[in-house]
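Could you have a look at this structure, given as structure tokens, before my questions?
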Amino acid sequence: MGLRFDSFVLAAATADLSDEPAAREHADAIEFRMDLADEPLAALEAYDGDLPILATNRADWEGGDADDDGRLEALSAATAVESVDAIDIELESILDGAAAGLLETARDRGVSIVASTHDFEGTPPRKEMVRTLTEAGKYADVAKLAVTAESKADTLALLSATEQLTAHGDSVATMAMGEVGSHTRAVAPVYGSKIGYAPVDPDEATAPGQYDLETLAKLVARLT
Ligand SMILES: O=C1C[C@@](O)(C(=O)O)C[C@@H](O)[C@@H]1O
């Protein structure tokens, strides 16, 4: 299995696996947004690209497009696909017990787990971000937090939380969505963030404030 997240992973986020050849030059992985794809499991079965896949089936209550009917089951089916090296599970689904079986299946199959939380409204206080990431890290290989920065102070709080957890030995991925937070996508890896997300085509962004893949690859390579 290729995705261990012991060093930074740049993921090309897409709903279309035929993007892989275009992503190969700059990305370390494909984040396949199953929730945004038409026939995600069929697309995974047919995938013959080189890049390993991080599969995400983002819930509609967490900013994605998937309703809960069959959502975690589809993710579970994805873990059986050879190229799927990691899956993203919402921390909320882990804490309410819904993802218990999925966690076990992923572990049994040697598939890494990213436990994620998104705040589309703002940026929680620093302490709360540390708490959320620490909680997520109990269940996952990488604890991920995406917030919405409204000020430079928000971005500093996020970077500071990232630095603290990384210094403590935790594996985290952080980013601030929105325009004010854009630069954190390039800078958070300096403070230890282990995953960056970028679309191959900037018109196909999967979150506000993303750079295109080539730009983010160059910025991170320059800074880290
Ligand atoms: O959770 C994340 C992070 C993200 O929201 C971002 O801000 O880059 C993009 C999503 O595709 C991914 O699932």
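Backbone N, Cα and C define each Cβ position, glycine as well.
According to TrEMBL, the protein carries these features:
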- Glu31, Phe32, Arg33, Arg58, Arg185, Thr206, Gln210: 3-dehydroquinate binding site (BINDING)
- His118: active site, proton donor/acceptor (ACT_SITE)
- Lys144: active site, schiff-base intermediate with substrate (ACT_SITE)
Go through the binding-site residues Phe32, Arg185, Thr206 and pull out the ones with a Cβ less than 6 angstroms from some atom of ligand 1.
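Going through Phe32, Arg185, Thr206 in sequence order, those close to ligand 1 turn out to be Thr206.
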Among all chains shown, work out which of the recorded positions Arg33, His118 has the most CB atoms within 10 A of its CB.
Arg33
Rounded to a whole angstrom, what is the C-alpha distance between the residue listed as 'active site, schiff-base intermediate with substrate' and Gln210 (3-dehydroquinate binding site)?
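Each residue's Cα considered, the residue listed as 'active site, schiff-base intermediate with substrate' and Gln210 (3-dehydroquinate binding site) end up 16 Å apart.
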Could you measure between Arg185 (3-dehydroquinate binding site) and the residue listed as 'active site, proton donor/acceptor' for me? Cα positions, answer in whole angstrom.
15
Can you tell me which of the binding-site residues Glu31, Phe32, Arg58, Thr206, Gln210 is spatially closest to His118 (active site, proton donor/acceptor)? Compare CA atoms only.
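Result: the closest of the binding-site residues to His118 (active site, proton donor/acceptor) is Arg58.
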Tell me, by DSSP, whether the residue listed as 'active site, proton donor/acceptor' is helix, strand or coil?
strand
What span in Å does the 3-dehydroquinate site cover, taken as the longest CA to CA distance among Glu31, Phe32, Arg33, Arg58, Arg185, Thr206, Gln210?
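Maximum Cα-Cα distance: 20 Å.
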Around Lys144 (active site, schiff-base intermediate with substrate), how many other CB atoms lie within 10 A of its CB?
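For Lys144 (active site, schiff-base intermediate with substrate), the 10 Å Cβ neighbour count is 27.
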Applying a 10 Å Cβ distance cut-off over all chains shown, what neighbour count does Thr206 (3-dehydroquinate binding site) have?
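That number is 20.
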